[in-house]
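Student: The structure is given below, and queries will be raised subsequently.
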Amino acid sequence: MASSITENLLLVTDSYKVTHHLQYPANTTAVYSYFESRGGKFANTVFFGLQYIIKKWLTGQVITKEKIQEAKELYKLHFGHDYFNEAGWNYILEHHNGCLPVRIRAVPEGSVVPYKNVLFTVENTDPKCFWLTNYLETLLVQVWYPMTVATNSRYQKEIIAKFLHETADDLKSLPFKLHDFGFRGSTSVESAGIGGAGHLVNFQGTDTIAAICVARKYYSCNIAGFSVPAAEHSTITTWGRDGEKEAFTNMMTHFPTGIVSIVSDSYDIWNACENVWGQQLKSLVEKRDGTLVIRPDSGEPTEVVVKVLNILDDKFGHVKNSKGFKQLPPYLRIIQGDGISYETLSSILEAMKKQNWSAENIVFGSGGALLQKLNRDTQKCAFKCSYALINGKEVNVYKQPVTDPGKKSKKGRLTLEYSDGQYKTVEEGKGDPKKDVFVTVFENGKLLRDYTFDEVRANAEIDLLKKPS
Ligand SMILES: O=C1OCCC/C1=C\Nc1ccccc1
């Protein structure tokens, strides 16, 4: 029977872990491990996505006779030898009704935690299942992805908030200022959904429908993101090189109200803004009951954005907002969806500001940089054992490679304390349970805390009143 990795938890691990039950000291009865970001690109990490993994893979009777048999057969072929812990898995089937005898404690989803703090811990709840804790590492460490997308996205929210603070009347438009264009650039539909949901922790604009589905199915969110009618090159270029005006007119006719985005760089963005939008269709634009969003999609973003704004200004004029910055008429905005990343956002907004343009005038779209240009090393996410019970004796476990002090791991049972606005990880079981912010989210097959997307968003909210740095 073909391996059904899609739902057999016994197959969702690294091969070497299949042999680890034989490698712990005799009479090991507890293995306790933790997950952290050791730091990297961003000083703070938005913790997000563990609930997806727990709900999808760990809750309920995940172990069955058939899955044990399938794994046994596959691993016999894979190793050419019988290393598989059949007895161990049968024990779980018989004594725990196929539910995982494991406890997972974690910081609330959406929490923003400085690196080098413990983010969640995993331990076995049945002394016979000491080997299970780290069997789950492979799957649980994949939380690095939604977490890192949510983090990268939040740092971009802070940049945009800063420029809105400096150049716009208010920050009301912030939730829609960075739109997810990343579905096609993701490695799979599943990862687009997971990463796209990570972006939606911070924003409400997305074209990644898979993300809407993940938020709905795993975070009780009926509709986590929104979009509007928009053109792509094919719906413009199929009208022919000489048909761009007709294509634009068709868009305005089929979408006469609300926001509509029209990509305008198929041939010549300058001509499109100057002569088509700025002259031939000028009154159509001015009279329309809604907002036309012009989308350049090529050229050096800082130059193109400013040049487009200046051409549109020349044709449609501008007003000065309460901060003294220029703002296009309410029926006209632009969206820049090419070359947008954490690294390029500031330079574009800075170039606009230098020419006295408010950040109000622009929305950004980001694809590959938002959902794909990250890896587990971006935030140096790691899972390590820090405590064990061996022959009834508590052992604080750690690694401290002479070849990389940065890889030193924490010792003993850990608590994450929060006081005076600061997180602090206390090691060796010396924490104050009253200050511990961890929540037991999973135990013995049951999800004990089900975060809603609204709760996650509230936990991750940026400090809107923070003076721009
Ligand atoms: O222009 C737009 O205005 C706002 C709505 C979305 C949109 C474009 N979407 C898109 C998606 C995937 C790749 C490229 C663009």
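Glycine residues also receive a Cβ, built from the backbone N, Cα and C atoms like all the rest.
TrEMBL lists Arg184, His233, Arg295 with the feature diphosphate binding site. Marked as beta-nicotinamide D-ribonucleotide binding site by TrEMBL: Asp207, Arg295, Pro296, Asp297, Gly337, Asp338, Gly368, Arg376. If you look up TrEMBL, you'll see 8-104 marked as domain 'Nicotinamide phosphoribosyltransferase N-terminal'. Taken from TrEMBL, the feature domain 'Nicotinate/nicotinamide phosphoribosyltransferase' covers 176-423.
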Student: Filter the binding-site residues Arg184, His233, Arg295 down to those whose C-alpha lies within 10 angstroms of the C-alpha of Gly368 (beta-nicotinamide D-ribonucleotide binding site); answer none if the list is empty.
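Tutor: Among Arg184, His233, Arg295, the ones whose Cα sits within 10 Å of that of Gly368 (beta-nicotinamide D-ribonucleotide binding site) are Arg184.
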Student: If I take the alpha carbons of Arg184 (diphosphate binding site) and Gly337 (beta-nicotinamide D-ribonucleotide binding site), what is the distance between them in whole Å?
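Tutor: Taking the Cα atoms only, Arg184 (diphosphate binding site) lies 14 Å from Gly337 (beta-nicotinamide D-ribonucleotide binding site).
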Student: Which residues in the same chain, at least 6 apart in sequence, have a Cβ under 8 Å from the Cβ of Arg295 (diphosphate binding site)?
Tutor: Ala230, Ala231, Ser261, Ile262, Val263, Ser264, Asp265, Ile334, Ile335, Gln336, Gly337
Student: Which of the binding-site residues Asp207, His233, Arg295, Pro296, Asp338, Arg376 have a Cβ less than 6 Å from any atom of ligand 1?
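Tutor: With ligand 1 as the reference and 6 Å as the Cβ limit, the list reads Asp207, Arg295.
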Student: State the three-class DSSP label for Arg295 (diphosphate binding site), counting H, G and I as helix, E and B as strand, and everything else as coil.
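Tutor: Where Arg295 (diphosphate binding site) sits, the three-state DSSP reduction gives strand.
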Student: Can you give me the same-chain residues 6 or more apart in sequence from Pro296 (beta-nicotinamide D-ribonucleotide binding site) with a CB-CB distance under 8 Å?
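Tutor: In sequence order, Ser264, Asp265, Ile269, Val304, Val305, Val308, Ile334, Gln336, Asp338 meet the Cβ cut-off.
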Student: Just the number: how many Å between the Cα atoms of Asp207 (beta-nicotinamide D-ribonucleotide binding site) and His233 (diphosphate binding site)?
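Tutor: So the Cα of His233 (diphosphate binding site) lies 16 Å away from that of Asp207 (beta-nicotinamide D-ribonucleotide binding site).
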Student: What are the DSSP helix/strand/coil residue counts across the domain 'Nicotinamide phosphoribosyltransferase N-terminal' (8-104)?
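Tutor: When I sort the residues of the domain 'Nicotinamide phosphoribosyltransferase N-terminal' (8-104) into the three classes, I find 45 helix, 16 strand, 36 coil.
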